[in-house]
Amino acid sequence: MKIFNTMTRQKEEFVPIKPNEITMYVCGPTVYNYFHIGNARTFLVFDTIRRYFEYRGYKVKFVQNFTDIDDKMIKRANEENTTVRELGDRYIEEYYKDADGLNIERATVNPRATEYIEEIIKFIQDLIDKGYAYEVDGDVYFSTKKFKEYGKLSGQNLDDLQAGARISVDERKKDPMDFAVWKSEKPGEPSWDSPWGKGRPGWHIECSCMAHKILGETIDIHAGGADLVFPHHENEIAQSEARSGKPFANYWMHSAYLNINNKKMSKSLNNFFTTREILEKYDAEVVRLFMLSAHYRTPLNFSDELLESAKASKERLYNAIGNLERLIDEVKTENLKEEEKAYIENLNSYKGKYIDKMDDDFNTADAIAVIFDLIKDINTNIGVDSSKELIKYCLDLIRELGKPLGILQKSTIEDLNSEIEALIEERQQARKNKNWALADKIRDDLKARGIILEDTPQGVRWKKAE
Ligand code: AMP
Ligand code: ZN
């Protein structure tokens with residue numbers, strides 16, 4: 001399996017630290033608001049990568065943090081006249097609603113920064129003891145000059161970075177590129193006791209600390225959106241490696257932006273749609289097909305046309321599934337026929353192609369194209385003469401290839417059942433309201449689709465027309 005490593009700027013063969021287990025840390029949201037569909041791209045991409053690892057037989061320890069203390073949290077809590085804690089509680093709950101709505105698997109652990117304050121303080125103390133951090137008036141800064149490899153992830157050297165940073169020199173820092181790991185208390189802000197007085201952690205330190213604590217000093221994969229390469233991940237590397245003397249992560253992965261009118265979608269530019277708004281119009285599978293139709297390292301422009309086209313793709317895929325589900329009930333032969341054996345091999349060749357694409361740095365766009373080729377082949381070659389066993393094999397294979405992408409797991413039969421039940425319920429309501437026209441229309445529409453309603457003493461029953 002090959003992964004593009006931001007650190008080395010090339011695709012590398014993936015070799016995990018332990019043979020069958022992967023440790024993965026993905027930077028998560030600041031929980032002061034609903035997350036937008038741009039954030040969703042990053043969450044979806046790494047959810048898909050995690051699912052694919054699982055498909056390939058790895059156990060994945062997947063950690064994604066919640067940043068629940070920073071300037072944005074404090075500002076928002078003040079605006080809403082609430083506490084930072086309560087704000088965090090509320091938006092973590094909302095995060096789960098939207099993430100579940102997108103069919104994102106729950107992380108192994110979702111640590112919150114404020115629950116690791118004690119460990120963060122210890123981490124900072126270690127940095128001070130080793131000479132990598134210094135205290136000034138209750139603030140603690142990381143000394144970038146001391147960490148010789150500073151800039152290695154983003155490919156910049158400290159001199160260039162300093163030239164760019166000159167504008168905002170903080171007198172108290174030894175060097176303009178030094179960054180805060182601990183911030184002293186300001187009036188009205190939440191704070192914790194520490195050896196340097198009351199204060200709160202800087203942003204970068206939480207990820208270094210929680211990754212070490214939960215996953216270990218060297219992890220397999222550290223990931224996030226492209227905007228995190230500098231300074232966030234650069235600073236995480238400096239803190240973590242200064243403290244442990246070991247590589248922090250063996251592979252650094254960054255997903256490209258979701259843009260809108262070719263600009264990064266972001267809260268600050270106010271050019272975003274919340275995930276919630278989009279999920280009202282399109283279901284999770286449509287959103288996932290849209291997001292995964294581009295390679296994760298290619299910027300993707302948000303548009304209604306692309307979402308509509310993803311919706312049409314989803315319908316084509318489920319039409320094929322629906323046909324197979326109906327055929328299974330219709331065909332006469334149970335077991336695989338001798339002449340069908342070669343076709344099984346043909347089906348398996350699609351699985352091979354799919355794995356080749358996904359193994360090549362998670363090329364979801366091409367993997368989806370393989371699923372479409374598979375479905376085209378099935379549509380032309382499977383019919384009333386096929387055996388049940390072969391049709392089931394086709395269905396299972398489609399589902400198998402859909403699973404890592406978080407799609408194609410539903411049954412069209414269940415969908416149809418619940419849709420019919422809902423329409424029957426609507427018709428009953430219409431009858432109660434003496435809206436006979438609507439009640440008749442629902443019955444006639446269903447009849448046109450081959451569904452017959454029968455009013456019985458036990459309630460309404462339905463059956464398929466012969
Ligand atoms: P934030 O809540 O802003 O810290 O962002 C949470 C995650 O979403 C981070 O990994 C960001 O890199 C990512 N992110 C933010 N905006 C976008 C975007 N427009 N496209 C893709 N990922 C994004
Ligand atoms: Zn982080």
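Glycine is treated like the rest: Cβ placed from N, Cα and C.
Per TrEMBL, these features apply:
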BINDING   CYS27, CYS207, HIS232, GLU236  Zn(2+) binding site
BINDING   LYS267  ATP binding site
COILED    307-353  coiled coil
DOMAIN    353-416  domain 'Cysteinyl-tRNA synthetase class Ia DALR'
MOTIF     29-39  motif ''HIGH' region'
MOTIF     264-268  motif ''KMSKS' region'
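Overlay of TrEMBL feature records on the structure.
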{"residue": "CYS27", "record": "Zn(2+) binding site", "CB count, 10 Å": "24"}
{"residue": "CYS207", "record": "Zn(2+) binding site", "CB count, 10 Å": "28"}
{"residue": "HIS232", "record": "Zn(2+) binding site", "CB count, 10 Å": "18"}
{"residue": "GLU236", "record": "Zn(2+) binding site", "CB count, 10 Å": "27"}
{"residue": "LYS267", "record": "ATP binding site", "CB count, 10 Å": "17"}
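Listed in sequence order, the binding-site residues among CYS27, HIS232, LYS267 whose CB lies under 6 angstroms from an atom of ligand 1 come out as CYS27. For the coiled coil (307-353), the model gives a mean pLDDT of 96. A separation of roughly 18 Å, to the nearest angstrom, links the Cα atoms of HIS232 (Zn(2+) binding site) and LYS267 (ATP binding site). In sequence order, TRP203, HIS204, GLU206, SER208, HIS222, GLY224, LEU228, HIS233, ASN235 are the residues of the same chain, not among CYS27, CYS207, HIS232, GLU236, whose CB sits within 8 A of the CB centroid for the Zn(2+) site. In the three-state DSSP assignment, the secondary structure recorded for the residue listed as 'ATP binding site' is coil. Mapped onto DSSP helix, strand and coil, the motif ''HIGH' region' (29-39) counts 3 helix, 2 strand, 6 coil.
LYS267 (ATP binding site) and CYS207 (Zn(2+) binding site) are 22 Å apart (CA-CA, integer value). With DSSP classes pooled into helix, strand and coil, the tally for the domain 'Cysteinyl-tRNA synthetase class Ia DALR' (353-416) is 48 helix, 1 strand, 15 coil. The two recorded residues CYS27 (Zn(2+) binding site) and the residue listed as 'ATP binding site' have their Cα atoms spaced 17 Å from each other. Under DSSP, CYS27 (Zn(2+) binding site) is assigned to coil, being neither helix nor strand in the three-state scheme.
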